[in-house]
Amino acid sequence: MCGIVTAISTADIVPVLLEGLRKLEYRGYDSAGLAIVSNGRLARLRAAGRVAELAALAEREHASARIGIAHTRWATHGVPSERNAHPHISGGLAVVHNGIIENFEAIKSALQARGYVFESDTDTEAIAHLIHSKLAAGADLFEAVRLATNELHGAYAIAVLAEAEPERAVVARSGAPLLLGVGEHGMYAASDTAALLQVTRQVIYLEDGDVAELRLASHRIVRPDGSSVEREIHLSSLSADAVELGQFRHYMQKEIFEQPQALAQTLEIITGGGSVAPQLFGARALEVLGGVQRVLVLACGTSYHAGLVARYWLESVAKVPCSVEIASEYRYRDSVPDPDTLVVVISQSGETADTLAALKHAIAQGMQRTLAICNVPESAIVREASLRFITRAGPEIGVASTKAFTTQLAALALLTLTLAKLAGRLPEEQEARHLQNLRHLPVAVQKVLELEPEIERWAQRFAAKQHALFLGRGRHWPIAMEGALKLKEISYIHAEAYAAGELKHGPLALVDRDMPVIAVAPADELLEKLKSNLQEVRARGGELYVFADAGSEIPESEGVHILHMPEHYGMLSPVLHVVPLQLLSYHAALVKGTDVDKPRNLAKSVTVE
Ligand code: F6R
């Protein structure tokens, strides 16, 4: 969480910093700030709230400079306020930071003992004073940052600016993303490429432990021991359109509607191919996947739900036992490691601290067969795993994950087929049928998107509700969970999901005419069981909203509203059924007038525990 931008240029960098922050706002949006050196003086501007507040302040103050650092915050230490907003200052030095410094209390006490006075509640201020103490001891800025970062424990990406050295900025990273941008008119750094597309496509991915100096026409990178290192310049293929809203009102809406394209891109690797191959998962796939006896999926939030769907697929198609765990639980649990288990981590961002830590924990326990399913190729999680599958959903900006989820499911379907094939459990004609369904998936999802007007009407009724219950069975139970998560996340309506068979074991007590019950009703082998569960709801006066496949024969009646989905889509049906639930929460949030793309208290990349 938190976004960082740094710029040094021949032209005014304030508009570059602000535009960069706007692109990074998805990472955190409770306060923003910048520091510049202008006419030899360090100036700092900070505002509680969105980047727009900071931009207005910068305009009022006529801020302009050739060098600066900027930050958009998601609060960890200290409430969201101007006082806690970055940059933090020590003498003539300013620091912005993304991450968490675990030993900041110890650093703070030591610095306080030396007379440093802290003005904020943040861990970042400790970094500022620590670097200042190194400068005071005679180090230059580059060296001071390197020495200071050697004392930090935890995750950080930082950018530092000093009044006394206005010809350079220094940045460093460990465990939080940061890349350099090599521009025609200057050097830049940011938390992601999207923030820099306005000035350059040439990017350098910094490695953990790198400390880099940015000058107008050059850069230098050193390792923690001070030795110099060269890093390759990459030409980013990210298109500016991919991060623009275009005709849509919100990124979430855009991303829901991009799903056919995102799926087509993710599944491009099987276009035309008559069979699945382990190599889809990387060069070492045969060695890593061969002999796998079990699968353990580790993930958080929506990505965890993708794992839960995959459990049904892996066990029913590949006959491989699978367990799925919330990463934040697994990392601290005494579990029984098994070297023949494939550890699959799923993450849109590839930065989620708990998922990364869970992966490292599994590896440390001797589980070397690891696969990352991720949407960000250069992310920490991808680098850590031995195999990778990069979903090609394109940048997901809306905080609520949508197209990342469906492309994760596509990747997990390919994994299921691959493991089934390696185990000799996928007859050729079944493989051909599955592949055909996968290739057709973008078209099938497109059809579901056409239901939007009807869902919009339903959403009107939902928006007035305080609570909602989601029901599903089998591989659609995780889809009910995902529907509930989406609804609470962006509309703030309290929602819970249950396996429909569990209803009578407790939650049925909640059902009355004020509790809308949303049912995911595919025409699969559990349909009749689900119908009985829906009767139980109706008998208690509960109002049902049913997403029913063609042929499911659930009649519309008083208190039973049916939305007619296309024909049942077999194993891949969860991919189709999640789409109307995404649309339902989107439209309910619109009616309620919440901030759809930036729901309160949340951020896109959860890089802290
Ligand atoms: C919900 C949502 C979150 C993320 C979770 C994991 O819409 O987006 O629940 O799924 O924070 O994030 P990643 O997938 O980046 O690891």
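Think of each number as a place in line: the chain as shown, counted from 1.
In case you wondered, yes, glycine gets a Cβ from its N, Cα and C as well.
According to TrEMBL:
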ACT_SITE  Cys2  active site, nucleophile
DOMAIN    2-217  domain 'Glutamine amidotransferase type-2'
DOMAIN    285-425  domain 'SIS'
DOMAIN    458-599  domain 'SIS'
ACT_SITE  Lys604  active site, for Fru-6P isomerization activity
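The residues of the domain 'SIS' (458-599), classed with DSSP into helix (H, G, I), strand (E, B) and coil, number 69 helix, 32 strand, 41 coil.
Under DSSP, the residues of the domain 'SIS' (285-425) split into helix, strand and coil as follows: 64 helix, 27 strand, 50 coil. Of the listed active-site residues Cys2, Lys604, the Cβ environment within 10 Å is emptiest of other Cβ atoms at Lys604.
Residue pair Cys2 (active site, nucleophile) / the residue listed as 'active site, for Fru-6P isomerization activity' shows a Cα separation of 9 Å.
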